[in-house]
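Below is one structure; the comments refer to it alone.
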Number of protein chains: 2
Amino acid sequence: MTTSSYASQVSNRMNNFGLAQTGSSKKFRVCVIGSGNWGTTVAKIVAENAAEKPELFQSEVRMWVYQEQLDGQNLTDIINAKHENVKYLPDIKLPSNLVADPDIKNTVKGADLVVFNIPHQFLRNICKQLQGIDFTGVRAISCLKGLEVSKDGVLLLSDYIEQQLGMHCGVLSGANLAPEVAKEKYCETTIAYPRPSDYYEGDIDESILKTLFQRQYFHVRISPDVAGVSIGGALKNVVALTAGFVEGRGWGDNAKAAIMRRGLLEMIKFSKTFFPDAKATTFTAESAGVADLITSCAGGRNHRVGMEMARTGKPIEQIEKELLNGQSAQGICTAREVNELLTEKNMADDFPLFTATYKIAFEDLNIDDLPAYLED
Amino acid sequence: MTTSSYASQVSNRMNNFGLAQTGSSKKFRVCVIGSGNWGTTVAKIVAENAAEKPELFQSEVRMWVYQEQLDGQNLTDIINAKHENVKYLPDIKLPSNLVADPDIKNTVKGADLVVFNIPHQFLRNICKQLQGIDFTGVRAISCLKGLEVSKDGVLLLSDYIEQQLGMHCGVLSGANLAPEVAKEKYCETTIAYPRPSDYYEGDIDESILKTLFQRQYFHVRISPDVAGVSIGGALKNVVALTAGFVEGRGWGDNAKAAIMRRGLLEMIKFSKTFFPDAKATTFTAESAGVADLITSCAGGRNHRVGMEMARTGKPIEQIEKELLNGQSAQGICTAREVNELLTEKNMADDFPLFTATYKIAFEDLNIDDLPAYLED
């Protein structure tokens, strides 16, 4: 398809969906899939900017919410009445142009940009529900943390979304503990969004994305490295589990820093092994790399789960249930996926920290044997 | 001087000093200059290994102690009687072959290796006291944190020691909060010790140093990068102050990680600017780099001083006195030195985090203006 015929097709689709256009510039319609604490926080950011920049964005931002009942009421109705996600992000006021929607197809209707922000394990099912819809020209940003592992190898979740739904998909990841971002405390994030091969004049680009996501408290950095940003976001959760193990054992800050150093090196090695285009500097210089690792090992969910496992010896998935109010610690799932991949490729010994973490979480390796396991 | 005549001179010196020699291998005599909590901890490590490896080291390790009176008793007498540094490292048993000595010249007498472990601000005076002694063939390891700044530029402290005393000097630095290492909790460290130009068969080398410093709980990594290891150790203290400011203001883990990320980048940029041979990977991959930064920003002295300044608004040097029981927060001194250098070179704006930290600590920049100051 030539660029011009593609642009005209996109234009037709837009007209069909009734998007407002001012001269050559259209107003982008944005929606968010997911409403956990990070999903709701990102939806809040996007809706704030959509409302403040009417020259670029349609004001209404729909957020798909997995419907639940709270005291006999629909969660979506509560969110839309109170402008607060009382279940997953309590005490944070949401903008009134953010509309909770239990119908995923209605949520994405007419959207120019779909922001995915759900736990990895729900992605397949979400994609199934969206299959068959024509997403020609629709763009996406994945805030998911994880990797899609199969016998064939490993796939970035943004690539999985692109393959399943035909949306060109970038990623957003960074040192972003949701409760702090929701309270509008200062932080940074990284967006990687290389322009699609079918990019057209007036299409969403990295500058539009920066405008959509940047707030005074949420500082966006643009990176070209989708793989590096994605892998950083996925693997830091595994290292955060390990850091939690060590902290839970009371070994102190030196030991925790040693684990994080080793973890960072394995993250880089993993990316170089499976995604040769990924850049080491994404891990060492970007918010989605070392900064996210630091934050996640300081106060994230995975770190808390790891600590609790070290303290109590309970099975890790039981701790996740008890500790996280229905949310998930993605590092548990990622540790398993990574181990599956490394075992399949006969490379488990090349990644001793990832392998030890898996064995502590799911097999019978003792945390006290971790230093010996990591010995060069 | 040819290598052989040099070796024979060294051999003469050794004989004059009565060093034991077994065949071609001599037993190295080690001493430590400094007895703060880190000085005493390193002396403990070295003395433990000296006692356990009689084939390599003389058992007695002398530690120079700046004499103080505690309840009318000499601190050195207390240390030697109780085998505990009750003032600076209480509740930690020291090996009996570690001997506290108030006489610095006696401490270094006959030493093959001098381990320097004092606050930077005492170094000039220490060197003056040692000048005139023949240190031919004597080697040194600096555990100091700081940089020697003058109108002419910046000098590593190990180079300063080498210039002042004629000892070839390497460095030891890493994620090593002294109280944790003293309690023998697991950690890593980095030693950089390129062999001297006058290296001779049987001389101290990186392998001897690893044997001297490595304990089961203290894992030594060898690096070729003296400048990188030194600058990492010096500048992380500045970043730890900044991280303390941010944490003291209650901005949370995301903001702190953002500061640490920016700090790490400025550390690398500083090293590349003033020590072009330094390697970026020392900062991103070694214990003396990112791991030390993480540890120092989690629980080090500088971080505590920065937090307290943010909370109370008191002058930083007053906080240092009140908080640290006579020990020093090296980041205060280093922030000043770095700013002096950058101002002299007209480069203060190229290092906004270091410059902002200086201005917060010593001038009138408000911590709340830090994010704006760091804006790209």
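A Cβ is built for glycine as well, from the same backbone N, Cα and C atoms used for every other residue.
Of the residues A:K109, A:K128, A:K145, TrEMBL places A:K145 in the same substrate site as A:R301, A:N302.
Here TrEMBL has A:G34, A:S35, A:G36, A:N37, A:W38, A:G39, A:A178, A:R301, A:Q330 binding NAD(+), and the candidate from A:F122, A:F135 in that same listed site is A:F122. Of all residue pairs in A:K145, A:R301, A:N302, the annotated binders of substrate, the farthest apart have Cα atoms separated by 13 Å.
Apart from A:K145, A:R301, A:N302, the residues listed for substrate, the same chain places the Cβ atoms of A:N237, A:A240, A:S296, A:G300, A:V305, A:S328, A:A329, A:Q330, A:G331 within 8 Å of the centroid of those Cβ atoms. A:G36 (NAD(+) binding site) sits 13 Å from A:K145 (substrate binding site), taking the CA atoms of both as reference points. Confidence for the domain 'Glycerol-3-phosphate dehydrogenase NAD-dependent N-terminal' (A:30-195), expressed as mean pLDDT, is 97.
Closest in space to A:W38 (NAD(+) binding site), of the recorded positions given as A:K145, A:K236, A:N302, is A:K145, taking the CA atom of each residue. In terms of Cα distance, the recorded positions that sit within 10 Å of A:N302 (substrate binding site) are A:K236, chosen from A:G34, A:F122, A:K236. The least crowded of the binding-site residues A:W38, A:F122, judged by other CB atoms within 10 A of its own CB, is A:F122. For A:K145 (substrate binding site), the count of additional Cβ atoms within 10 Å of its Cβ stands at 27 [all protein chains shown].
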